[in-house]
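All remarks here apply to the structure that follows.
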Amino acid sequence: MRAGVGSRRGQLFLRSLLFLLLAGPPARRPVGGQLRYAVPEELEHGAFVANLGEDLGLDVSTLSARRFRIVSRAGARQHLEVNLENGILFVNERIDREEVCEAGGTCLLHLQLLVESPLELYRVEVEVLDINDHAPTFPWQEYVLEVAESAVLGARFPLESAQDPDVGTNSVHTYRLSPNSFFSLEVQTRSDASKFAELVLERALDREQQRVHRVLLTALDGGVPERSGTAHILVTVLDANDNVPAFDQPSYGVSLPEDAPAGTLVIQLNATDLDEGPNGEIEYSFSGHAPPRVRELFHIEPRSGQVLLKGRLDYERASLHELYVQAKDRGPSAVAVHCRVLVHLLDVNDNAPEVTLTSVSTPVQEDAPPGTVIAVISVLDRDSGDNGRVSCEVGPNVPFELRSSFRNYYTLVTTQALDREIVPEYNVSITARDMGSPALLTRSTLTVPVSDVNDNAPRFLQPSYSVYVMENNAPGASICSVSALDPDCQQNAYLSYSIADGHIHGMPVGTYVSINSDSGHMYALRSLDYEQIRSFQIQVQAQDAGFPPLSANVTVHIFVLDQNDNAPVIVSPLPHNGSVATELVPRSARPGYLVGTVSAVDADAGLNSRLSYQLLQATDFTLFSVAPDTGELRTLRSFLEQDATRQRLVVQVRDSGQPALSATVSLLLSVVETMPQTLSDFSEFSLPPEVSSSSPLTLYLLVSLGSISFTFLLAILILTAIRCRGEQHSRQGDSCSPPRCHCCPGSRPSSDGLKTSNLTAQPPAGTTAATCLDVPAGGPPGYCYKVCLGPESAQSDFMFLKPCSPPRNNEKDPGKRSRPDQHLQVSKEVKQPNTDWLPPSMQRPALKRYQIHHCRSRGGRWKGYMGDGKVICNTALN
């Protein structure tokens, strides 16, 4: 069995090769704007058919990228395929013409070629050429023919036809009869060009001499090489039967709708026989010429001659059926006569259009331009005429339309821009309707999803954010959360948050806050201080993960809320030696007399910096009071003789925060009979370290001002020293020049004893003060001293004193001599710091204070202060 199969395949291959050599290469003929090729059947897989890339003028290198392909109906066998590397059309699987095209005639394979970017459609027809791969065959290997011995010469007897699936010259071409002396053979041609044979009587038969004759019938096709089939004919000679049946006409024609039900009468045949009895009774049947398909569809009543419909007709399969009917009587030696019945089928609209999606390119991107092809649709109606003409349309309210490309092929294209954020998916209804009566239609629904492109930037829920954070927060605490939305989907909607680069007070913004890139939660990286930074703003960016990425920014305003974390700081009066502040109060002060003002500042804000003053402790609460708002210390009544000369007070300053913070200052008031000409100690204050360090900006300003002042003072001192040295050399040893050494007039002795008191002086800015101390008659002689001060000097000490030697012509008492054991030392204390940053009500004029640190004379004591630039000297005589 295997050897037989291999032999048959080898024969087929040789025949195909011979056909190709004789027919030449596959034909390429343009037909109606399309390509047409011819290829023989039975080629093996991979056999070359045509070079489509070259014939269509396509760039072979782009075929794969442009998805060049053959589109076909669903379920259809793919006999041909395209190699995307070289554009060659080749045989994908063996093609059997007799299987692909059941009916005879031209066998065509219709190919729809599709290439994208841009979309192009091509139609190619491939004609499958028949090869002689089938031999003729007879229905029976032996055929019995009964002939009456009385048959006249020339009588014709139709024989069974041989069947050959091949077409054209490869089908049955002729018949041959083995040599004999009684019969000859004539070959007849039917209307469909098929051949059949008739046996012709050439010599009278004699039953008594030879009752049976055997001949061999051979059917030959016209193929190369020639094929044949044989059947044995057994001719039986019958006794004489005078008359044979006869039909009214040798051929009949009838029309029948294809939807006729089974049992429908096709035709009533009538044959007559002049004999009587059994010799005149006629029986009808199909002759051996009738193909098997006819026997399946039709039935003949043997006695009545009615031809009835047995099976289901199909106009689309075969529009014409040819029936060969024979009639013979029931007598001995009956001879059959034949007639032909042609049944023409009438097409009815019994096939609804078939809609096939041959190529679908989904999903479609939302930025696809109008005219983008979504699908290639094939519409087929198997009916003919108007019943097979089809119109196709899409449903309303969709941005798609159908465009006809080739016959029965449509392309579904977009008509406008799509937006996935509005409509993410379309259900496109496609309706195909034929032109029959009544019309048949088919509806098919195509789901077209719209794929997302990154065409929407993120959008924050708020145009800006305002965040309020209490100072002294814990580092790492969450302070707020920002959120943005992106209407895109999947990767294009995945957002990441970040903080734009920037600086806050010279520091990178990343040292203050951070953000979770996934959730948008923001965290403080340090503890915020309201006194250092009250508000700042940052830029937060939300960026999607699309390509290219899109982003949006939003401003986040962060406001630091004040917390009562700073206690009030007393700035005036300042305690001396770190204990208490002292002040003099005249005993003659009336009620309401302003003793001084307690001033304090609070680095907090709002209620936390609103201060109130109260007298916490006092030697006598009936004597003094403190204004709660201004801190002014005033007397409540006049002093009495029994009142103590020293009054100790404790003043408390409290803010209004929750909880409230406070500070206290201790005051020591000395009640004196007369007040020296000096300002109250309450007007003297300097910036304590804790206040000056509360703000880096203030510290920087103080350091800058101090450096400038020191440089300026140093320059003044150098210039002054140079000038003074020059004057000494010019005056040849005079210790004090007359214009700069002034002897003070005598003053009255003082009985206060040796005492150092605070002296306040305001010398003119930028001048060098020269002051002389003189002693009246009987007292110590006068001494001359010099003070060289700059306007912003921090401290100057009178480190040199020497006897004044005025000109002799101006000397009032030449008999008196200076006493070298007298010494006076005066110094200037530190200048009051700059108070411009304080409220106007708390500012004090810049004062300079001078004090006699040491005063020594033989047998006497000096006391003095400088209030208006003068020195008052008091001496006690021995």
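Numbering starts at 1 and runs along the chain as it is shown here.
The backbone N, Cα and C atoms fix where each Cβ goes, glycine too.
Summarising the annotation, TrEMBL assigns signal peptide to 1-28.
Residue counts of the domain 'Cadherin' (39-138) by helix, strand and coil are 11 helix, 36 strand, 53 coil (DSSP-based). Sequence annotations record features per position, and here TrEMBL assigns domain 'Cadherin' to 39-138 (among others).
Here TrEMBL flags 139-247 (among others) as domain 'Cadherin'. Confidence in the domain 'Cadherin' (139-247), given as mean pLDDT, stands at 86.
Here TrEMBL flags 248-355 (among others) as domain 'Cadherin'.
Sequence annotations record features per position, and here TrEMBL assigns domain 'Cadherin' to 356-460 (among others).
Residues or ranges marked as domain 'Cadherin' in TrEMBL: 461-570 (among others). In the domain 'Cadherin' (461-570), the DSSP tally of helix, strand and coil residues is 7 helix, 52 strand, 51 coil.
Residues or ranges marked as domain 'Cadherin' by TrEMBL: 585-691 (among others).
As annotated by TrEMBL, transmembrane segment applies to 697-722.
Annotation comment: TrEMBL describes 804-842 as region 'Disordered'.
What TrEMBL records for 809-831 is compositional bias 'Basic and acidic residues'.
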Can you break down the domain 'Cadherin' (248-355) into helix, strand and coil residue counts using DSSP? 10 helix, 47 strand, 51 coil
